[in-house]
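Undergrad: Below you'll find the structure I mean.
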């Protein structure tokens, strides 16, 4: 049985969503613990989120 | 409230905030016509109406996402009249062929120039015989010859506008420093903090105090170029420049070339002969690392393109929902949602410019890292 590529794209999007959610949640925790480091945490968070987002979009365009 | 003390400023701010909404005046205008058409049809066939509006909206969105050979602001569907300006078409087909895009009549007619006949099919120009017949290939694309197209398209106009704007803006900012004892004046004051932000938060932490200066011109240029083009995409004229893969490809290639050409020997050492790992591992890592240098700019390209494209599609689809629901509650909801999304899109415009600049700086920094002795011994 052949699975359509769109299903694979959907799975990747779910994974990317979970990943970005985790990054955001962890960043929230970190900022709550150390509010003075929020600037650095935000920068690192954005970079990590952007890298995962790239994979999500690549999957969407490959499907 | 502070705002209410300055009513004029409040009004101006409100107007500016509502500007993005005007950019969807076109679908509204088109669909009013659609609505009336559909209303006539629905008397006969109740099931025929949603597909018609849906396909019209889909067609409009697809047309917006493509680059176009003329600058059409609005179309009167009753008379078929297009309001806008024609742009020059420049083709290389046995010599330079220059004519105005009005010859195509928006893709409806065959353009004749110097004895050659051209047809505009889905914003691509094909050379045909005098009858304008397109022979279709196996995969659905016409097999006709495509002359090399150097036309000044809508995206090119957008890039020219932004370049001119940036040139005037930052030229005057630079001049105002010498005139005003080292203090910025005028509009430049708004942009001085952004320039400083790019330097202090993006360039110096990622590239390092020693090398950051030679990259500053490029980082500032791409930051403001992407930012202004993203904002231009939200404005009423209906540009979609950063949502066009050709533009993001060229930006990513520039980042790749600069990274490759300015990298020091440590960077290449880490790619071809990774220090600190067993020798067999070095042979495995070399192709992976080499592939990584290409994947990095590739992901830059996809990210900017897909983000802007997705933003435009989602916004226009939500506006389109208004004409599918056709009830006061659906229209109100989709208008409110579109307003909220427009504001989100402004955030995305800034974020994508920031991410592109940030990751470019990160790659430049990776190419300039000094050798750490302790790292190799661990």
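Backbone N, Cα and C define each Cβ position, glycine as well.
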Undergrad: Examine the ranges B:188-206, B:245-263 and name the one recorded by TrEMBL as transmembrane segment.
TA: B:245-263
Undergrad: Taking contact to mean 3 or more CB pairs closer than 8 A (sequence separation of 6 or more), are the transmembrane segment (B:245-263) and the transmembrane segment (B:337-364) in contact?
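TA: Yes, the transmembrane segment (B:245-263) and the transmembrane segment (B:337-364) are in contact.
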Undergrad: For the transmembrane segment (B:308-325), which recorded stretch in the set B:156-174, B:218-239, B:283-302, B:337-364 gives the largest number of Cβ pairs separated by under 8 Å?
TA: B:337-364
Undergrad: Contact between the transmembrane segment (B:337-364) and the transmembrane segment (B:283-302) is defined here as three or more C-beta pairs under 8 Å separated by at least 6 residues; is that satisfied?
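TA: When sequence-distant Cβ pairs are counted, the transmembrane segment (B:337-364) touches the transmembrane segment (B:283-302), since at least 3 lie under 8 Å.
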